[in-house]
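Asker: What Swiss-Prot shows for this protein is this:
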BINDING   LYS22, ASN23  phosphoenolpyruvate binding site
BINDING   ARG93, ASP307, VAL329  UDP-N-acetyl-alpha-D-glucosamine binding site
ACT_SITE  CYS117  active site, proton donor
MOD_RES   CYS117  2-(S-cysteinyl)pyruvic acid O-phosphothioketal
Amino acid sequence: MDKLLINGGISLNGEIRISGAKNAALPILAATLLASEPVKICNIPHLHDITTTMELLGRMGAQLMVDEHLNIEVDTRNLKEFYAPYELVKTMRASILVLGPLLARYGRADVSLPGGCAIGSRPVNLHIHGLQAMGATITVEEGYICARSQGRLRGTRLFMDRVSVTGTENLMMAATLAEGTTFIENAAREPEVVDLAHCLNQMGARISGMGSDTLVIEGVDSLGGASHTVLPDRIETGTYLVAGALTGGRVKLKNTSPGSLEAVLLKLEEAGAEINTGKDWIVLDMKGRRPRAVDIRTAPYPAFPTDMQAQFTTLNIVAEGSGTITETVFENRFMHVQELQRMGAVIRLEGNTAFTNGVETLTGAPVMATDLRASASLVLAGLVAKGVTAVDRIYHVDRGYECIEEKLQQLGAKIRRVSSYTPGKIYAAYG
């Protein structure tokens, strides 16, 4: 099993290019199931979850082609299967996004209850209840969601009991081919939801209200082909900005979208970073200074993103002063704390809040990732720690970060991927 070895204590400097957003690319891949013509997707990140989704589409009978620029064209005109098997779905939560498109276009779908990161309950009830309100018959049998529709789904008014990104996306996709108009209230406002809506509209859908908490979808008879460029990954952007901040460095990130990161940029400035932005770039400069601790409270967009909580936990544990980090979106999302404590972090957990007291130095140690963003926080800790940190189970980080070690190397980090190591001899890795 691969690991990352990191020799910390180096100030990061340089520039890198940000990849396309995984959380936009995955629903857009699912949306190709709605199209009666091929759909081309550009700026798609090459990650394990993307590969898994492509394999799932291929098993259903879709034809997928990758061009010389690594863009993907998906043709779902000759689908033969309407089934998402457990052996694929168990590895990622986003696989449930095929449920709405399959049901809307083909009138049937059998999708295994999904897996993904172990960060608490992410109930699928919002998806099921919404599709039932649109006329679907749904049962859960032996771990599978079995959905059927007699004819087209029906437009209706839906109210989301809580803000759900995948729930909003699934119901929005299903509504594009429904008969009549669908209103989704308390809809997610995330940029990735907006990007999916733009792609669907390019395919011929009639969606309005993107970026607000009420989406209006006028159903159409069919959707056609399109070419769509996936928006930049705001969470990858935020992660590398934190890397620059906690190492006292200066980093420039290109091919990104500053407007989607306002809450994160404000907190980085509060931590002492100097930030400049352009249309598609961000420069962060800490000028060799130690960051100041900040208080964070996660909430749905446009508030501070839950997917940046773990990274800011790492920032706080090496910052001047004390800070509090409150998680309101998911429960059980502080599993990185125990591993950070092994490196010398001073953190106290009380319910859904972490209280941090910054220390001047972390110590490198073998640590184990438990989920995608927790793994990123451990890599960040390794960058600033004294000595060598070995991060195990990095298949988690590979689910969301394209070429993470290569990009960090471009910024000057001493980091490399290994297939095995001897714990007592990890300091020889960079001898």
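Backbone N, Cα and C atoms are what each Cβ position is placed from, and that goes for glycine too.
In terms of burial and nearby residues, how do these features look in this structure?
Answerer: Around LYS22 (phosphoenolpyruvate binding site), taking its Cβ as the centre, 26 other Cβ atoms fall within 10 Å, counting all chains.
Within 10 Å of the C-beta of ASP307 (UDP-N-acetyl-alpha-D-glucosamine binding site) there are 21 other C-beta atoms, taking all protein chains into account. A helical conformation is recorded for ASP307 (UDP-N-acetyl-alpha-D-glucosamine binding site) in the three-state DSSP classification.
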Asker: Among all the protein chains here, how many other CB atoms are within 10 A of the CB of ARG93 (UDP-N-acetyl-alpha-D-glucosamine binding site)?
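Answerer: Taking every protein chain into account, the count is 17.
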Asker: Sort out the sequence-distant neighbours of ASN23 (phosphoenolpyruvate binding site) for me: same chain, 6+ apart, CB within less than 8 Å of its CB, listed by position.
Answerer: ALA94, VAL165, GLU190, GLU192, ASP233, ILE235
Asker: Please report the distance from the Cα of ASP307 (UDP-N-acetyl-alpha-D-glucosamine binding site) to the Cα of LYS22 (phosphoenolpyruvate binding site), rounded to the nearest angstrom.
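Answerer: Cα-Cα distance, ASP307 (UDP-N-acetyl-alpha-D-glucosamine binding site) to LYS22 (phosphoenolpyruvate binding site): 12 Å.
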Asker: Helix, strand or coil for LYS22 (phosphoenolpyruvate binding site)? Use DSSP.
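Answerer: DSSP call for LYS22 (phosphoenolpyruvate binding site): helix.
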Asker: Please report how many Å separate the Cα atom of VAL329 (UDP-N-acetyl-alpha-D-glucosamine binding site) from that of LYS22 (phosphoenolpyruvate binding site), as a whole number.
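Answerer: Here the two Cα atoms are 19 Å apart.
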